[in-house]
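J.: Quick paste from TrEMBL:
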ACT_SITE  A:140  active site
BINDING   A:97, A:139, A:143  Fe cation binding site
Ligand SMILES: [Zn+2]
């Protein structure tokens, strides 16, 4: 196992979309072990995506079971070819990224998602998740599509006005 | 640290930053926002020479008051907030002083405060959103704000996602 080098902005490769995994073999599982070691090596990262270490395959790891205040979670998850099939609600929360050192910002994400994925052996997985865990998944899947959270940062002031509009009219923008 | 304030009009940010760019000044962290009918700019700049001179023509032509403080600030000194306090209540004198006083006593360091007046002209409602850091617990911050009676206060922890 090895700690892999994390790509950091302004590395253009972070914008590159990743390809679906086709072979669920030992090489895949060895890479996942390295990816996990890399995640643990970083300061308090709850997730990591393969393209963050320069491997452009649709693989993410998420584990939010160790937050300061406990949140609903499914423990440690390795998800291959994850796909969100349902979104609901929205909420703002603060995010940072292993690939964006020394910066955090507010991002609006869906509060509830349903997702399908494969495990490292190719078996089908399905999850329904909410809150912080759902946020982590959306952050990581963004990496697979070449999007960083800094492309989604909003100001709190924006959110305050959005809230008012949503509550009164229930209108979507 | 550069502070500029003046009546809002289109082109302030462009005018100010262009003058700084031409004068060879580098921009750091900045906060620029419209408050009331005014536009305010606070930013950290780095360079050599007299920044006041570099900006005077632009500031004068746009009617901006300017203030410069030499500071030892540097990049990468960000603090990440871990507690958020939302306050709302009938607009009356002293809300901010009472809330922030209670927070200070609880050892809460404010990193950012935004406030606005919502509601109607007859029944204005003051809304405030504070983010800050504290070593103490959320419960302790809640207790500190409990005594404030007539305002709604909600304290929540901010869990910053790193991934
Ligand atoms: Zn990230």
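Any Cβ shown, glycine's included, is placed from N, Cα and C.
Tell me about the setting of these features in this model.
T.: Note on residue A:140 (active site): other Cβ atoms within 10 Å of its Cβ, all shown chains, come to 25.
The local packing around residue A:97 (Fe cation binding site), expressed as other Cβ atoms within 10 Å of its Cβ over all shown chains, amounts to 29.
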J.: Starting from the Cβ of residue A:143 (Fe cation binding site), draw a 10 Å sphere and report how many other Cβ atoms land inside it.
T.: 26
